[in-house]
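Copied from Swiss-Prot, the annotated features are:
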type	residues	note
BINDING	GLY11, ILE12, ASP13, GLY14, ALA15, GLY16, LYS17, THR18	ATP binding site
Amino acid sequence: MARGKFITFEGIDGAGKTTHLQWFCDRLQERLGPTGRHVVVTREPGGTQLGETLREILLNQPMDLETEALLMFAGRREHLALVIEPALARGDWVVSDRFTDATFAYQGGGRGLPRDKLEALERWVQGGFQPDLTVLFDVQPQVASARRGAVRMPDKFESESDAFFARTRAEYLRRAHEAPHRFAIVDSSESIPQIRRQLEGVLAAL
């Protein structure tokens with residue numbers, strides 16, 4: 001069986017990507033069913049036992065900026081080795097709620113960590129590995145902030161300012177502009193039915 005495909009969902013907190021992730025994966029599995037392939041759904045930080053432990057630390061504990069980035073990439077290395085690469089080698093498709101673009105957007109754009117440091121970590125951990133497709137849920141920070149307002153106990157990222165998320169969004173859009181062949185941008189300011197129509201277009205193009 002041919003190697004599988006790797007799809008990532010990205011966007012600032014409150015963009016709505018997680019709301020649509022399982023719906024997208026269910027539709028993708030329907031398309032892949034006759035081929036015998038499976039859809040593996042995962043997330044970052046997380047995806048492995050170590051990754052989920054790191055997730056709790058990363059989302060809730062204050063820390064030095066470079067420590068934060070190093071922990072993100074440590075979890076990613078484990079995620080690649082134990083989940084993503086084995087699934088792709090089996091011919092399965094993997095859909096991840098966040099991957100490396102999030103680190104460039106949050107730790108780079110949002111927190112200001114120099115891009116060259118992140119690029120060095122990316123080369124070390126991933127080599128040339130990149131997603132086959134990244135679905136970017138794009139929304140104005142003010143809209144995302146209103147959505148996040150419904151979260152009872154926000155983590156340290158969800159608690160960031162609109163200015164932080166404006167920088168994060170700008171970095172996402174910069175990366176999408178630099179790799180248009182890899183990105184599909186979804187206008188997530190629209191209603192759920194409208195967003196799902198956009199996602200149907202993404203699925204049809206696979």
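Our numbering is plain: 1 for the first residue shown, then up by one each step along the chain.
Positions of Cβ are set from backbone N, Cα and C atoms, glycine also.
Those residues of the chain, other than GLY11, ILE12, ASP13, GLY14, ALA15, GLY16, LYS17, THR18, with a C-beta within 8 angstroms of the mean position of the ATP site C-beta atoms are PHE137, VAL139, ALA144, ARG147, SER188.
Sparsest Cβ environment among the binding-site residues GLY11, ALA15, GLY16, THR18 (other Cβ atoms counted within 10 Å): THR18. The Cβ neighbour count for GLY14 (ATP binding site), using a 10 Å radius over every protein chain in view, is 23. In the three-state DSSP reading, GLY11 (ATP binding site) counts as coil. Following the DSSP three-state reduction, the secondary structure of GLY16 (ATP binding site) is coil.
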